[in-house]
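Engineer: Please read through the structure below; I'll follow up with questions.
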Amino acid sequence: MTDSFQSRIDLEMTINGEAVELTVPAGRHLIDVLRHDLGLTGSHVGCEHGVCGACTILVDDSTVRGCLTLAAQLQGCEVWTIEGLTEKGVIADLQKAFVERNALQCGYCTPGMLASAKALVEAEGVPSRETIREHMSGNYCRCTGYEAIVDAIETVARQRADETGARSRAGETVAKARAGARS
Amino acid sequence: MKASIGGYTRAETVSHALSLLAEANGAGRLLAGGQSLIAALNLGTTSGDMLIDIAGIGALRGARIDGNRLIIGALTRHADIASDPLIAEHAPLLAKAAPLVAHDAIRNRGTIGGSLAYADPAAEYPACAIALDATIILEGPNGTRQVAAQDFFLGLFETARADDEILAAIAVPMAADGERHVIREAARRSGDYALAGLAVVRRDGRHRIGAFALGDRPLLCEGAMAALDGGDIDGAVAALATDVDPTSDTQASAAYRRHLAGVLLRRIAIDLGVG
Ligand SMILES: Cc1cc2nc3c(=O)[nH]c(=O)nc-3n(C[C@H](O)[C@H](O)[C@H](O)COP(=O)(O)OP(=O)(O)OC[C@H]3O[C@@H](n4cnc5c(N)ncnc54)[C@H](O)[C@@H]3O)c2cc1C
Ligand code: FES
Ligand code: FES
């Protein structure tokens, strides 16, 4: 091997909010580092070529395929898996809705589904069912038939929009009161 | 399966990447978004590569105007192509194509340069490049080369890029007032590679049609273009059947792909108000 190329890579990144230092084989996938090296087995592996979505996780706030990402590519990045997202409570409402709507059976697809759905429920407004299906098209579920998953995501998107609406209405009242106080 | 690679390194600049390619002595392989390359490594269709990660070369990312052309850097990601206002205004065909490319998580990392260099015959951007009469900009040890998109795609996963060159950007003639851009495809699942697709540009009353998943490379459909210029839809659909050259595989037969191409062209004609 020539000098510039390395077979093992030293990395620093943040995983679920914790700073981590690692030395990994250059060809090691992010998903294998998480599952095998760090014991974070919540993220799953299905097809290993980007098709099924079971390995979907968050890197720097965007969804990525853990099976199509080498750990070496992520120097300095921030990674969140289902373990960290659960602990932080940021998708607690989605998880509750999945349980209530029976949007999982074997659960194999669920961590990837939740990572993909997170971006959608965080966007402004309430997506149509068609938009939800389009957005979730990269995540296979072999059990549920999808209907319940769409229901759960729609429910949470609506709840969050109502809360934001209520907050901004409250904000408006405060702003009006302030404006009134000035005049 | 697990990827087997020879080594990994990061390139800081284009010239650094070129010297790393030289150092790897034929085994070097550029890694952009990795959304095709890592899948290929996992499937074992390539191995032992010396990976040169170019994702950090900032100069290759984003779109800018240069005279009457829009220059889009190779590392611009599919998600950026879909949302960049400059691209929406001056190259709407690409902005409309991006949401059809794969799924959200793949669009967050995959790049337009990677897609053009990989030259999958079912990919959207290569056909768009041909329909737009775009130019591919390559950087190599002997400087910059510009190749018309039509001359760039040579066959199945085969392009005019030499092994020691980097695809730096795609240059697109900026859309004029009244120019129309339409792309349509048929796929089994939204985001999957298309079974058949057409990208169409109408510029000054003339049409350019780029077909994807309908041959071993993106195809310019000259027979259908001439008929469409004359407002003859039936003639265009008939000509399209001989312009394209699909193969049969596990996804669809050649006859079915050819049929889909005709259906897509009729829908596009309605979009464009032709006939
Ligand atoms: C499940 C799935 C579905 C997909 N569906 C579609 C689809 O519907 N339509 C579609 O178009 N694509 C699809 N793709 C492919 C995706 O668009 C890839 O992102 C893209 O083809 C490659 O871009 P990349 O940046 O990831 O390149 P990489 O995977 O990093 O590289 C691909 C190849 O191009 C070379 N390369 C990359 N950048 C350069 C450069 N700047 N100069 C020279 N060579 C370079 C690499 O050496 C490699 O050989 C899909 C992928 C997956 C996994
Ligand atoms: S395991 Fe990554 S997409 Fe299937
Ligand atoms: S719940 Fe079993 S795959 Fe989705």
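Using N, Cα and C of the backbone, Cβ positions are placed for all residues, glycine too.
Pulled these from TrEMBL:
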- A:161-170: compositional bias 'Basic and acidic residues' (COMPBIAS)
- A:9-85: domain '2Fe-2S ferredoxin-type' (DOMAIN)
- A:161-183: region 'Disordered' (REGION)
Engineer: Can you tell me how the residues of the compositional bias 'Basic and acidic residues' (A:161-170) break down into helix, strand and coil by DSSP?
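Structural biologist: Computed counts for the compositional bias 'Basic and acidic residues' (A:161-170) are 10 helix, 0 strand, 0 coil.
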Engineer: Which value does the mean pLDDT take for the domain '2Fe-2S ferredoxin-type' (A:9-85) in this predicted structure?
Structural biologist: 97
Engineer: With helix taken as DSSP H, G or I, strand as E or B and everything else coil, how many residues of the domain '2Fe-2S ferredoxin-type' (A:9-85) land in each class?
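Structural biologist: Here the numbers are 19 helix, 28 strand, 30 coil.
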